[in-house]
Amino acid sequence: MGSIAEPVEEVTVSKPPGIRFIEYIKGSAISYRSYQAIVLIVTFFAYTAYHATRKTTSIVKSALDPQSPDVNLKSPFSWRRAYAHKPLESPRNSWVLGAGWVPFNGSDGTSLLGELDVGFLFVYAIGMFFSGHAGDRMDLRRFLTIGMVGTGLFTALFGVGYWADIHIFYYYLIVQMLAGLFQSTGWPSVVAVVGNWFGKKKRGLIMGIWNAHTSIGNITGSVVASMLLKYGWGWSMVVPGLGITFVGLVIFLFLPVSPESVGADTDDDDLPSPKKVGKEVTEPLLKSEVLEDESAVRFLEAWRIPGVAPFALCLFFAKLVAYTFLYWLPFYISHTAIEGRYVSNEESGTLSTLFDVGGVVGGILAGHISDRLDARAITAASFMYCAIPALYFYRSYGHVSMTINIILMLITGMFVNGPYALITTAVSADLGTHSSLRGNSRALATVTAIIDGTGSIGAAIGPLLTGYISAKSWSAVFTMLMVSALIAGLLLTKLVMAEVAAKIQGSRSSHESHRSRPPTLEEITIRFPCEDSCAKSTQSFLTYFSGHSGISSCLLVTNDTEPDETLWIARECQGPPRAPRISGCRRPRHVMGLRAFYQNFRGPSRAQLGFLMDLGWDPYWA
């Protein structure tokens with residue numbers, strides 16, 4: 001990855017200053033697991049800071065444009081009354097919303113705010129592609145530091161407009177665009193660093209938990225910006241800008257980019273043997289075999305990786321929905337009467353954090369389900385389809401009471417952010433280590449940038465359209481979001497069908513293999529886990545041990561024709577040692593009675609069972 005030169009053997013060890021200081025204080029080298037903990041913690045806070053600064057704009061909107069037209073809850077179309085409920089006749093209290101800020105407090109205020117969003121997000125999306133390309137060729141620690149300091153600078157400059165009394169729209173637009181450019185350095189870099197340190201096992205769950213930084217960043221940004229809003233909206237931008245600058249310095253001091261870059265040796269426990277994990281070895285996320293030429297993957301080559309295009313296009317619409325909520329939910333809440341009253345800007349910002357709380361749950365749940373099913377497309381598509389009724393009910397009944405609003409907001413956040421989190425983490429990591437790359441460890445940042453960059457274009461379009469459409473009808477905005485969620489799910493149809501077909505075929509093949517070729521005595525080799533372990537044929541087994549009883553209490557059974565299946569059966573059959581063991585057997589690993597042996601192998605025949613019983617073996621002993 002970033003700091004790894006193309007000839008793998010020539011990697012130079014360069015530890016971050018903070019790591020060297022810790023080792024100096026500790027008096028010894030940091031362990032591999034400690035490095036992993038540092039990576040998770042540091043990258044978590046890094047992207048939390050990125051999203052905290054990204055969220056502040058949505059909080060400031062209600063202060064910049066408090067007097068925009070009402071939410072127009074009445075639909076221009078003949079939709080159901082429950083979906084297009086009438087607005088209250090009472091005017092909005094001016095003391096709640098304030099006077100606003102020129103030029104955003106005019107009749108075209110929502111449109112101008114939408115243009116700020118699209119300026120930020122389009123530059124962010126374009127920068128994402130270049131950042132992924134650069135991230136595969138640069139030191140990611142320095143690359144991230146530059147990105148975070150630049151993000152902090154331009155976020156703060158937006159807030160400086162408050163004290164400098166700047167009322168020029170293009171000042172805020174240019175500052176937002178430059179902030180978007182530096183923001184684009186974040187995601188490809190942190191995913192690539194985490195990918196360098198962690199294996200594939202339970203990737204969906206681990207990255208689902210780790211990806212909570214997105215929602216926690218949104219929550220942090222909302223709470224901090226809302227609390228500072230009463231002192232002046234400029235503080236809501238400057239303080240988060242200073243915060244991400246500080247975290248950027250922490251990244252420079254402590255982030256180990258890869259094991260090779262810091263000379264970390266993997267412990268034995270980090271390279272489990274088949275005996276430890278049932279023949280499932282966890283290999284490094286970005287390595288499968290050593291390549292003679294491990295050059296960074298080209299942009300078009302990454303697009304041709306199977307699954308990249310469908311998931312990238314799916315994320316286009318998924319992020320369109322998610323980012324519309326990210327940038328407009330506090331504004332929507334402050335302009336919607338809940339239980340007959342309008343909430344303040346601070347209350348709306350705080351209330352909107354519940355959407356991200358649901359997003360945390362959704363991201364973890366989607367990752368866990370996709371791990372259990374081993375089906376990323378099925379999980380992502382299912383969540384997108386479930387988001388459609390959730391959006392409908394939130395729009396239709398969110399105004400009825402605060403309790404209903406909170407419950408529906410949590411559910412909507414779970415289904416909207418779940419697939420978004422899954423695709424940007426576990427799916428990107430899967431595709432970045434696809435078998436077609438032949439173990440190339442320098443592709444993950446590029447693949448991640450392609451997927452998230454494409455999604456970011458949708459993230460730019462959603463808030464832009466919302467700025468224009470909401471001035472006429474918020475019901476139309478929610479219809480746009482529901483259609484986008486539907487398209488996102490449909491784009492994965494081919495992959496969903498492939499996953500379903502693979503599971504049906506796998507289940508059918510497993511069932512037919514048991515029925516058509518049940519293992520017989522002649523196919524089974526018995527191995528004894530004693531000091532003088534040896535494999536004996538069935539005839540030798542019957543001849544040598546015909547005079548012994550209880551031998552089966554110390555058998556490790558393998559089937560030469562289906563070793564993986566047989567080892568699994570052996571694990572299933574193990575139980576407490578309730579019978580005498582073979583003398584001299586020092587390490588009996590699997591305790592198994594003949595009854596369990598025959599039941600699980602669906603044989604042998606009654607004649608063979610009778611033959612064994614004549615020799616003194618009780619098949620019903622267990």
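The backbone N, Cα and C atoms fix where each Cβ goes, and this holds for glycine too.
TrEMBL entries are annotated by machine, without manual review.
As annotated by TrEMBL, domain 'Major facilitator superfamily (MFS) profile' applies to 42-501.
Note on the transmembrane segment (30-50): residues 19, 22-23, 144, 148, 151, 183, 186-187, 190, 193-194, 197-198, 210, 213-214, 216-217, 220, 240, 243-244, 247-248, 250-251, 254-256, 259, 262, 264-267, 270 of its chain, located 6 or more positions outside it, place their CB under 8 angstroms from a CB of the stretch. Among the features that TrEMBL reports, transmembrane segment is placed at 30-50 (among others).
Taken from TrEMBL, the feature transmembrane segment covers 112-131 (among others).
With a cut-off of 8 Å between Cβ atoms, the residues of this chain six or more beyond the transmembrane segment (143-164) that come close are 2, 46, 49-50, 53, 56-57, 101, 131, 134-135, 171-172, 175-176, 178-179, 181-186, 189-190, 232-238, 240-245, 247-249, 251-252, 255. What TrEMBL lists as transmembrane segment is 143-164 (among others).
Counting only same-chain residues 6+ beyond the ends of the transmembrane segment (170-198), those with a CB under 8 A from a CB of the stretch are 1-2, 35-36, 39-40, 43, 46-47, 50, 53-54, 57, 115-116, 119-128, 130-132, 135-136, 140, 143-144, 146-148, 150-151, 153-155, 157-158, 161, 206-207, 210, 255-259, 284-286, 424-425, 428-429, 432-433, 441, 444-446, 448-449, 452-453, 456. Sequence annotations record features per position, and here TrEMBL assigns transmembrane segment to 170-198 (among others).
TrEMBL lists 210-229 (among others) with the feature transmembrane segment.
Same-chain residues lying 6+ beyond the ends of the transmembrane segment (235-255) with a Cβ under 8 Å from its Cβ atoms: 16-19, 38-39, 42-43, 45-46, 49-50, 52-53, 56-57, 59-60, 63, 140-142, 144-145, 147-149, 151-160, 162, 193, 221, 224-226, 228-229. The transmembrane segment feature in TrEMBL is assigned to 235-255 (among others).
Annotated transmembrane segment per TrEMBL: 308-329 (among others), in sequence order.
According to TrEMBL, the transmembrane segment annotation covers 349-370 (among others).
The feature transmembrane segment is assigned by TrEMBL to 377-394 (among others).
Within its own chain, the transmembrane segment (406-431) is flanked in space by residues 187, 191, 195, 203-204, 207-208, 210-211, 214-215, 285, 305, 307-308, 311, 314-315, 318-319, 321-322, 325, 351-352, 354-363, 365-367, 370, 376, 379-381, 383-384, 386-387, 390-391, 393-394, 397-398, 444, 447-448, 451-452, 455, 485, 488, which lie at least six positions past its ends and keep a Cβ under 8 Å from the stretch. The annotation transmembrane segment is assigned in TrEMBL to 406-431 (among others).
Positions annotated as transmembrane segment by TrEMBL: 443-462 (among others).
Annotation source TrEMBL lists transmembrane segment at 474-493 (among others).
The stretch from 210-229, 308-329, 349-370, 377-394, 443-462 that makes the most Cβ contacts under 8 Å with the transmembrane segment (112-131) is 443-462. Mean model confidence for the domain 'Major facilitator superfamily (MFS) profile' (42-501) is a pLDDT of 80. Of the two recorded stretches, the transmembrane segment (443-462) does not lie close to the transmembrane segment (210-229), with fewer than three CB pairs under 8 Å once pairs fewer than 6 apart in sequence are set aside. Outside the transmembrane segment (349-370) by six or more residues, the chain places 58-59, 62, 204-209, 211-212, 214-216, 218-219, 222-223, 225-226, 229, 325, 329-330, 333, 343, 376, 378-380, 383, 405-406, 409-422, 425-426 with a CB less than 8 A from a CB of the stretch.
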